[in-house]
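Accompanying notes for the structure given below.
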Amino acid sequence: MDITASFLQDLVENKKAVPKIFSKTTLSNETSAKLFPYQKNHVLNLISILLKYFLVLDTSDTGVGKTYMAAAACRELGRKPIIVCPKTLIPNWASVLEFYGVKYYDIVNYETLKNEKTYKDSNFRVRKRCPYIKKVDNDGDYLKPAFEWKVPRNAIIIFDESHRCKDPSTENGKLLMSSKQLIQQNIPVMLLSATICESYSDMKIPFYLMNFIPHTRNFNEFVRTLKTKYPEYRVRNRQLDQAERKIAVENAQTLIIFKEIKEYTSRIRIRDLGNQFPDNQWCAQQFLSDDSDKIAEAYEEIAELMRELEEKKTQCKNHLAKIQKLKQEIELRKIPIFIEQTQLYLEQGKSVIIFVNYINTMNILSAQLNIKCRICGDQTQDQRQESIALFQANIEKIIICQIRAGGVGISLHDLHGGHPRVTLLNFPDSASDLLQALGRAPRSGAKSPVLQRIILVANVEYEKNIMRSINKKLANISAINDGDLEGHKYQVNEGRRRQRRVLNEPVNNPIEEPVNDPVKDPVEDLTDNQPNIVEV
């Protein structure tokens, strides 16, 4: 074959491989018919941003259908996705892509991909070497990526739950950072997360991918230039005390981020959808407890252990384990409230979703309430899907979930009508985990309203302090996503309790060691596990 013929053949193959789409103002009839009305403009926004920057952040609220809209964008762009997501979400991605008729190159979880592996077939059990990525020895050169990508030209890479990749020092963070080489090759990268950022420093990797900074190490220097760029957000009030000034500075920083990244983001807010989305009432609710004094004492002990950790005292090597045991004890002492409130809502014809942190709490509640549907870290995918199916079909009226196992990527909304959902939740350490858990019941397509309650114990000041701390982080998320400091705040209400029933005393059960807690998945590089318990 001569040079001219070879050149022409390359042109033909490249034309087939890379879709030539320069703008998009309407969706195809096939795609449009499968989207809710409020999703259509968002899909067009995703496509427009990808065509301009080859990078987009979808920060839409949990439950509006980010998976479906990402798949729709792939279809409209004519690209075959490589999906990187938590393992529990793999079957959902496969079914959604099939729904849109989108063929994919790969669907793989973070841990498998970081080890240069993927799955052999659609059963997602047996692994093989991944042809699209390999680890790179950068010889101590921090400017070199930790992974090298080699993907087809018509691919699109989607990082689902991308808030798991916000720390540049973790393997997850390095994996996401390495995707910049794809963006530079005009291969689109999509990040999906309703909680991409809880604090200013969480934006290091997004800023790097957006080419604002040459490396995440340049983040602080870039931040100083933003203060000059946005003088309207300088904190000038000299009468603020130290705590007030800290809050004001953080608020200003998050609003600056909102301004800086808005060209790269698209977002659907539930509160803008009106009656297109199920009514969702939520608050943190206080309940009286006979064990409030013991719970307060446990928090005092946690606060003291935290202070000793901050002071780096030599004898505190077991403090983190002690803190976990105390947190579990506090959750166990809330069991009577969970039982009473669950029975109350069942009598009202509601279906109840319970979120807790520890497997021991889950086991006791399951026995007391005869719960058959469970979502936890030590079950198979088939067991997990069976529990979801029984609850979604309204065969079972209660489902109980560990927050880290059941707070992401599952839908528990009322599909058929007449079975309104109630969520009862013990708050987790992370504001992101809280938002994710509270997004399981209010989903697009739900047929009934949702009531959600974060369980607090009255007369325990530490619980209210924790809620204030969580609200601050939620305000950061809201400000970065929407430029609104009030978007995700939970009101603290007083709750009423019935006459106490005679229940087995939960705190006599053995305390779990934190190393056996399946809520924690060390391979997924989850962050923000140890907040300051006394922060206000």
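Here, residue 1 is simply the first one shown, and the rest follow in order.
Placed from the backbone N, Cα and C atoms, the Cβ positions cover glycine too.
Per Swiss-Prot, the features are as follows:
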| type | residues | note |
| --- | --- | --- |
| DOMAIN | 47-214 | domain 'Helicase ATP-binding' |
| BINDING | S60, D61, T62, G63, V64, G65, K66, T67 | ATP binding site |
| MOTIF | 160-163 | motif 'DEAH box' |
| COILED | 288-334 | coiled coil |
| DOMAIN | 338-486 | domain 'Helicase C-terminal' |
| REGION | 502-536 | region 'Disordered' |
Reduced DSSP assignment, T67 (ATP binding site): helix
Residues from the same chain, set at least six apart from the ends of the motif 'DEAH box' (160-163), whose C-beta lies under 8 A from its own: 57, 66-67, 70, 83-86, 89, 93, 176, 191-193, 195-197, 202, 408-409, 432
Secondary structure content, the domain 'Helicase C-terminal' (338-486) (per DSSP, counts of residues): 66 helix, 27 strand, 56 coil
Cβ neighbours of G63 (ATP binding site) where a neighbour is any other Cβ within 10 Å: 25
DSSP helix/strand/coil residue counts for the motif 'DEAH box' (160-163): 2 helix, 1 strand, 1 coil
Additional residues around ATP, ordered along the sequence, whose Cβ is within 8 Å of the centroid of S60, D61, T62, G63, V64, G65, K66, T67: M69, A194, I268, G439, R443, S444
Proximal but sequence-remote residues of the same chain as S60 (ATP binding site) (Cβ under 8 Å, at least 6 apart): H42, K66, M69, A194, S266, R267, I268, R269
Sparsest-packed among the binding-site residues, when each Cβ's other Cβ atoms within 10 Å are tallied, from K66, T67: T67
V64 (ATP binding site), number of other Cβ atoms within 10 Å: 25
CB contacts for D61 (ATP binding site) [other CB atoms within 10 A, all chains]: 24
Cβ atoms near T62 (ATP binding site) (within 10 Å, other residues, all chains): 20
